[in-house]
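Here's what TrEMBL has on this protein:
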type: ACT_SITE; residues: 121; note: active site, proton donor
type: BINDING; residues: 22, 23; note: phosphoenolpyruvate binding site
type: BINDING; residues: 97, 319, 341; note: UDP-N-acetyl-alpha-D-glucosamine binding site
type: DOMAIN; residues: 7-424; note: domain 'Enolpyruvate transferase'
Ligand SMILES: CC(=O)N[C@H]1[C@@H](OP(=O)(O)OP(=O)(O)OC[C@H]2O[C@@H](n3ccc(=O)[nH]c3=O)[C@H](O)[C@@H]2O)O[C@H](CO)[C@@H](O)[C@@H]1O
Ligand SMILES: C=C(OP(=O)(O)O)C(=O)O
């Protein structure tokens, strides 16, 4: 179990470049299985989950070449489908959420796909019904072995259909889309997720020869083609990392510039931080955050307490609510954080309460934060990161606290944040990897 030691109370300054987006990378890397030709991907983040997926693809027979620190070429000319039945695949695939998205492309190209229950954060129930209901609508047969914890789909032919997803699942939309691009006829997918991750996947698939329209909306139309070819793709900056840096700057009263953020793809994220009272400026494609003594949480028009809640895109991503929560502890004013999608993502507030924050966990989905401004500094403590985003929220808390904190289980943070200690230390943080 890795550990960070963090000296709190230091201000950061300078420029930081966001990494490529984790959740987009996981979709794009699975899409390379759709063609025997070469796909080149730029801005691939070097984070645990992505590196694990690259390793998994390699084990399946994909030719992988590292072209630079963040560029790779992939060629899935030979794919060993039998490898998917091995114990090695089972162990590797079960360690990350993104592995579920190999099923759609394999079903489209080879007529079958298997996967164990995927890993990812333990943040509540994470059902996969949307994925498999979608594959079934395209004509696949489905089998789930409870004993083996294995999902399997098979189809000699996939055919287009009109489908209404039971929920706007992000990985579900990507998975079904990758199966539908080579189905016979036209598929319409309504209630599709439309996060920038999915938009980027659609754009790559179209460059590979697919015919997808409705990109960016919740109604995708996919005209099936018989084959896809090679292409080049560049992953967008990670909007969750950008949001984490905004929160970090405000909490540590730092002046930083987040470079090349692809502002127009950030949706409601900047506005949501502005409602927390955080000042920031768009400068070209950068976000400049001035050092600020304090920030005051807005209220609704009628004066009632602000709610920050997640919603499917273009609503606010659930992956930033832990950051909003920690940022609120040092604000002036109060806010209700409502995590609607996941039921086990707010329990980390206990750690913040230990550090002196005023928070009432109303139920597993809702926490009220009474911001104390800078009057009461958080106190350093020893904690364990329960999931990726709580991990980064605790890191932000530790960076703003008085004294030296310890965070265990930082593999959770490394899952999604590239060399976070080194990059923040360059801005003046003191984060030491002690194990
Ligand atoms: C690898 C990856 O890309 N992971 C992301 C992906 O996970 P993932 O694709 O696994 O998440 P889903 O979009 O399927 O759904 C997440 C949860 O939200 C619930 N739900 C979903 C849609 C909806 O309209 N209403 C609703 O309540 C689901 O029941 C589920 O409990 O999307 C999540 C939701 O943005 C993010 O937290 C994850 O970081
Ligand atoms: C929940 C997340 O990731 P995953 O779906 O990979 O568990 C996340 O990125 O916040």
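Here, residue 1 is simply the first one shown, and the rest follow in order.
Even glycines carry a Cβ here, placed using N, Cα and C.
TrEMBL annotations: computationally assigned, not manually curated.
Within 10 Å of the Cα of residue 22 (phosphoenolpyruvate binding site), not one of the recorded positions from the list 97, 121, 341 places its own Cα. Ligand 1 lies under 6 Å from the Cβ of 319, out of the recorded positions 22, 121, 319.
Residue 97 (UDP-N-acetyl-alpha-D-glucosamine binding site) sits 8 Å from residue 121 (active site, proton donor), taking the Cα positions as reference. As a whole-number mean, the pLDDT of the domain 'Enolpyruvate transferase' (7-424) in this prediction is 96. Apart from 97, 319, 341, the residues listed for UDP-N-acetyl-alpha-D-glucosamine, the same chain places the Cβ atoms of 120, 121, 123, 126, 170, 318, 342 within 8 Å of the centroid of those Cβ atoms. In this structure, of the binding-site residues 22, 97, the smallest number of CB atoms within 10 A of the CB marks 97.
Ligand 2 lies under 6 Å from the Cβ of 97, 319, out of the binding-site residues 97, 319, 341. Summary: among the recorded positions (121, 319), the fewest other C-beta atoms within 10 A of the C-beta are counted at 121. Checking Cα-Cα distances from residue 23 (phosphoenolpyruvate binding site) against the recorded positions (121, 319, 341) with a 10 Å cut-off leaves nothing; none qualify.
Comparing residue 341 (UDP-N-acetyl-alpha-D-glucosamine binding site) with residue 121 (active site, proton donor), their Cα atoms are 13 Å apart once rounded. The binding-site residues under consideration are 23, 341. Their Cβ neighbour counts within 10 Å are lowest for 341.
The two recorded residues residue 319 (UDP-N-acetyl-alpha-D-glucosamine binding site) and the residue listed as 'active site, proton donor' have their Cα atoms spaced 11 Å from each other. As a whole number, the greatest separation of Cα atoms within the UDP-N-acetyl-alpha-D-glucosamine-binding residue list 97, 319, 341 is 16 Å. Under the DSSP three-state reduction, residue 341 (UDP-N-acetyl-alpha-D-glucosamine binding site) is assigned to coil, being neither helix nor strand.
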